[in-house]
Amino acid sequence: MHELAITESVIKVAVGAAAGRRIHAIHLAIGVLSSIVDDSVQFYFDILSRDSLAAGATLHFRRIPASAQCQTCGHQCSIEPPLPPACPACASVALRISGGMEFHVESIDVEDDVGS
Ligand SMILES: [Zn+2]
């Protein structure tokens, strides 16, 4: 249940960045290998944000792909789970996986300073 701690930090970051303004939406970037479940984040968000400026904000999730580079032939490709067991080009198992583990708040939408 690491989504709980993650969601807490998302709200903290968003509320801090909003500087007192009400938050309409939060855009999150999640690596495909990070094993974070969107629904769980949304679930905790609804509970934890209740008494904050982020209450009722919409969460948007963007998946960031991971990439694998073969250490044998240099073949590089973008991957999504399940991870390939071997290089699709030469069948070597010496794959280096990078990216796909990130999780961060990309941007937030807040109410306008001047009412519109
Ligand atoms: Zn290869």
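Note: Cβ is positioned from N, Cα and C throughout, glycine not excepted.
If you look up TrEMBL, you'll see His2 marked as Ni(2+) binding site. Annotation source TrEMBL lists Zn(2+) binding site at Cys70, Cys73, Cys87, Cys90.
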Among Cys73, Cys87, Cys90, the most crowded of the binding-site residues [Cβ within 10 Å]: Cys87
List of residues, in chain order, with Cβ under 8 A from that of Cys70 (Zn(2+) binding site) and at least 6 apart: Gln76, Cys87, Ala89, Cys90, Ser92, Ala94, Leu95, Arg96
Do you know offhand how many angstrom separate Cys73 (Zn(2+) binding site) and His2 (Ni(2+) binding site) by C-alpha? 37
Compute the centroid of the Cβ atoms of Cys70, Cys73, Cys87, Cys90, then list the same-chain residues not in that set whose Cβ lies within 8 Å of it, in sequence order, for the Zn(2+) site. Gln71, Thr72, Gly74, His75, Ala86, Pro88, Ala89, Ala91, Ser92, Ala94, Leu95
By a simple count, how many Cβ atoms lie within 10 Å of the Cβ of the residue listed as 'Ni(2+) binding site', its own Cβ left out? 12
Among the binding-site residues His2, Cys70, Cys87, Cys90, name every one whose Cβ is found under 6 angstroms from ligand 1, counting any of its atoms. Cys70, Cys87, Cys90
